[in-house]
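According to Swiss-Prot, the protein carries these features:
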SIGNAL    1-19  signal peptide
DOMAIN    24-223  domain 'Pentraxin (PTX)'
DISULFID  CYS55-CYS114  disulfide bond
BINDING   ASP77, ASN78, GLU155, GLN156, ASP157  Ca(2+) 1 binding site
BINDING   GLU155, ASP157, GLN167  Ca(2+) 2 binding site
CARBOHYD  ASN198  N-linked glycosylation site
Amino acid sequence: MDKMLFWVSVFTIFLDVFAQTDLDKKVFVFPRESSSDHVNLITKLETPLQEFTVCLRAYSDLSRHYSLFSYNTPGKDNELLIYKEKLGEYSLYIGGTKVTARVPEEILAPVHICTSWESSSGIAEFWINGKPLVKKGLKRGYSVAAHPKIILGQEQDSYGGKFDRGQSFLGEIGDVYMWDSVLSPDDVQAVYYGSYVNGSILNWQALNYELNDYVIIKPRVWD
C-alpha cells in the first residue's frame, strides 16, 4: 500500500470512529452484551444544569435492566442516568437519587423516551411514546455538574468507565437530543413526531461522538 492510500485509509477510519455528522434516520446498533461496547457523546458543557430535557429512541429485546443514557462527572456517580429497570419501569437518577415511572409496555416494541427535570421545583417528567407519565420529584435545589462524560450502551461506575456487562444495552438507539431547558408539552410532541430538532447540548443531526469497540451505524427501519 502506498503512503497516500495508507493515509486516506487512516483518515476514513478516524472519521468513522470520531466524527460530527448528521445521523438523521440512522441508529447506533449495539449487537451484543458486553462490558466494552459504547458510544461517547462529546459536548462542551461548562456550566452546571438547573434544568434539562433528554429525548431518544430505543429498540431492544432485553428483559433485564439496562442503561439508556449515562452522564457522569468527576467524582459523581449517577449524576444523570436514564435507566430501564424492567419491562414498563424507567428510572431517572439525579445526583445519585432516583425516581421511577411506570407504563404498560410491550417487550419487543420500539420506544421514544423524553425525560426532563428542573432544579427549582425538583419535578421530573417522563414521556413515553408522546404520552406523559405521573410526575415525580427529586433533588430540589440541586445543580447537575458540568464537564460530563456522556455514554450510550453502558452505565458508568466511574468517570467514563468501569462498565458492567449486566447493565449494558443490546439493541438500537437513535434520535438522541438534549436541551438545557424543560421542553413544553407541545415541543415534546413535536420531538416524538420528528419535527423539532436542534438540541442545545446534544443534536442528533450534528452530533460529536466516538464509537468504541463493536458499535455499528445503520439506517433506522422502525418507527
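Placement of Cβ uses the backbone N, Cα and C atoms for every residue, glycine included.
Shown on the structure are the features that Swiss-Prot records.
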residue: CYS55; record: disulfide bond; CB count, 10 Å: 25
residue: ASP77; record: Ca(2+) 1 binding site; CB count, 10 Å: 17
residue: ASN78; record: Ca(2+) 1 binding site; CB count, 10 Å: 20
residue: CYS114; record: disulfide bond; CB count, 10 Å: 23
residue: GLU155; record: Ca(2+) 1 binding site; CB count, 10 Å: 25
residue: GLN156; record: Ca(2+) 1 binding site; CB count, 10 Å: 25
residue: ASP157; record: Ca(2+) 1 binding site; CB count, 10 Å: 14
residue: GLN167; record: Ca(2+) 2 binding site; CB count, 10 Å: 19
residue: ASN198; record: N-linked glycosylation site; CB count, 10 Å: 10
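Here ASN78 (Ca(2+) 1 binding site) is positioned 18 angstrom away from CYS55 (disulfide bond), judged by their C-alpha atoms. Summarising model confidence by region, the domain 'Pentraxin (PTX)' (24-223) averages a pLDDT of 96.
For ASN78 (Ca(2+) 1 binding site), the nearest of the recorded positions CYS114, GLN167, ASN198 in terms of C-alpha separation is GLN167. Counting only the Cα atoms, the space from ASP157 (Ca(2+) 1 binding site) to GLN167 (Ca(2+) 2 binding site) is about 11 angstrom.
For the pair CYS114 (disulfide bond) and GLU155 (Ca(2+) 1 binding site), the Cα-Cα distance reads 18 Å. Residues ASP77, ASN78, GLU155, GLN156, ASP157 make up the record's Ca(2+) 1 site, and a Cβ search at 8 Å around their centroid adds SER70, ASN72, LEU81, SER158, LYS162 from the same chain. Secondary structure from DSSP puts GLN167 (Ca(2+) 2 binding site) in a helix.
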